[in-house]
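Comments concern the structure below.
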Amino acid sequence: MELDFFYMTMEFVLLGLANSRHMEITFFLFLVIAYVLILLGNISVISITLMNNFLQTPMYYFLRNFALLEITFTSTFLPSTLYSLLTERKTISLPGCFLQMLFFYCLGTCTLFHMAVMSLDRYVAICHPLHYTAIMNSRFCLQLILSCWALSFFLMFPPTIMTVQLPFCGPNVMNHFYCDASLLLQLSCTDTGFIEELMFIILIIILPGTLTVTAVSYGCIIVTVLHIPSSAGRRKAFSTCSAHLIVVTVFYSTCIYRYIRPAQRGGQDSDKILSLFFSVLTQTLNPYIYSLRNRQVKQALKERILKFSGSLRQM
């Protein structure tokens with residue numbers, strides 16, 4: 001009897017972001033705008049940094065890979081969330097839920113590693129400019145990027161596979177807009193203590209670990225910037241660093257509070273708002289904070305627009 005009931009649980013219900021149709025439409029419009037901005041911003045970064053020879057430096061190499069990661073990360077859940085808000089269809093299949101969870105956590109972890117690598121790159125560029133090209137050579141940059149992806153899947157794949165093998169024979173409703181691991185474990189009809197402890201340990205390693213690298217790197221950068229003799233140079237450097245730090249602070253604070261706060265079990269409406277901050281809001285801001293505010297990128301974008309406008313006039 002229990003086995004038959006287990007096979008009946010072949011889909012989950014995601015309650016989504018709102019309880020009323022009016023709020024669902026509001027969230028739909030907000031997320032559509034955010035997704036369009038994410039796609040346009042990151043595709044622009046990738047295109048501009050690929051087409052301009054003077055942007056073929058380690059910094060833009062990392063930004064280009066980060067932009068690609070941003071697109072793939074948000075695409076794991078935003079299209080399905082938008083579809084759910086538009087059609088009011090709130091179910092997701094068992095395989096679809098597991099795939100979404102796997103890619104969400106693997107790509108989210110990869111985002112943390114990328115942010116740490118980019119902060120390390122800026123530290124070397126600003127604090128050790130004479131050794132920058134020697135340290136950040138093309139081979140080392142490729143190794144860093146591959147390490148980010150490999151470590152992310154190495155750390156997040158085992159607990160995800162363990163979760164896939166769990167029996168689900170109880171309620172199938174999650175108060176979230178994507179398949180959240182902590183909520184999914186609560187729906188299992190067997191003991192999940194080991195998986196929860198394993199995921200907690202992994203998150204303790206990833207979040208404070210990457211945050212430490214990022215914080216120390218920016219701390220050293222700020223110390224170096226304070227020794228810049230030009231006040232204009234200091235203001236420009238602090239403007240860039242402050243923008244980066246705001247994004248980093250929002251991303252890490254919401255992630256840490258959501259996933260490694262004491263006695264966290266998930267399922268509250270506040271968890272969905274926190275998830276929106278680190279999975280949508282920061283992703284919307286990242287291409288504009290990290291790349292499109294950059295003077296060289298703006299110059300390259302302006303040249304491309306002028307060139308495109310000239311081509312249209314000739315037609």
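Just so it is clear, glycine is given a Cβ too, placed from its N, Cα and C backbone atoms.
Per TrEMBL, the features are as follows:
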type     : residues : note
TRANSMEM : 25-50    : transmembrane segment
DOMAIN   : 41-290   : domain 'G-protein coupled receptors family 1 profile'
TRANSMEM : 62-86    : transmembrane segment
TRANSMEM : 98-120   : transmembrane segment
TRANSMEM : 140-157  : transmembrane segment
TRANSMEM : 200-226  : transmembrane segment
TRANSMEM : 238-260  : transmembrane segment
TRANSMEM : 272-292  : transmembrane segment
For the transmembrane segment (62-86), sequence-distant contacts whose Cβ falls under 8 Å of one of its Cβ atoms, 6 or more beyond its ends:
14, 16-18, 24-25, 27-28, 31-32, 34-35, 38-39, 41-43, 45-46, 49-50, 92, 96, 100, 103-104, 107-108, 110-111, 114-115, 117-118, 121, 141, 144-145, 177-178, 279-280, 283, 286-287, 290-291
Short question: which residues 6 or more past the ends of the transmembrane segment (272-292) have a Cβ under 8 Å from it?
17, 31, 34, 37-38, 41-42, 44-45, 49, 63, 66-67, 70, 73-74, 77-78, 108, 118, 175-178, 180, 243-244, 246-247, 250-251, 254-255, 257-258, 298, 301
Check the transmembrane segment (200-226) against each of 25-50, 98-120, 140-157, 238-260 and return whichever range has the most CB pairs under 8 Å.
238-260
Positions on the same chain near the transmembrane segment (140-157), where near means CB under 8 A and six or more residues out:
58, 61-62, 65, 102, 105-107, 109-110, 113-114, 117, 202, 205-206
